[in-house]
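A.B. asks: Take this structure first; my questions come after.
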Amino acid sequence: MEKLTILLLVAAVLMSTQALIQEQRQKAKINLFSKRKPSAERWWGENDRRVFGSCTADEECCFNNCVQAYCFFV
């Protein structure tokens, strides 16, 4: 009976250790994916300038061409 109790305790410790290791791996994967930048952000950089879309000033557009509240590619 004593051996069975010890065996069950060892099994419980091993299972809890395995669960903790898997949880840490999941957190590491989440951190890895959260650090990645979207492809558009990698291509254009981290500025907020637009190629197309609405604007209020030339500085908001990539090509500094805000015409009638819209960025134009020229």
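Any Cβ shown, glycine's included, is placed from N, Cα and C.
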A.B. asks: CYS61, CYS62: which one closes the disulfide with CYS71 in Swiss-Prot?
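C.D. replies: The record-listed partner cysteine is CYS61.
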A.B. asks: Excluding the flanking five residues on each side, which residues at least 6 beyond the ends of the signal peptide (1-19) place their CB within less than 8 Å of a CB in that stretch?
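C.D. replies: For the signal peptide (1-19), the far contacts come to none.
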A.B. asks: How long is the line from the C-alpha of CYS71 (disulfide bond) to the C-alpha of CYS55 (disulfide bond), rounded to the nearest angstrom?
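C.D. replies: Given the Cα positions, CYS71 (disulfide bond) is 6 Å from CYS55 (disulfide bond).
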A.B. asks: Counting every protein chain present, what is the number of Cβ atoms, excluding its own, within 10 Å of the Cβ of CYS71 (disulfide bond)?
C.D. replies: 21
A.B. asks: Which residues in the same chain, at least 6 apart in sequence, have a Cβ under 8 Å from the Cβ of CYS55 (disulfide bond)?
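C.D. replies: Within the chain, CYS55 (disulfide bond) has Cβ neighbours under 8 Å at CYS61, CYS66, ALA69, TYR70, CYS71.
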A.B. asks: When DSSP is mapped onto helix/strand/coil, what comes out for CYS61 (disulfide bond)?
C.D. replies: strand
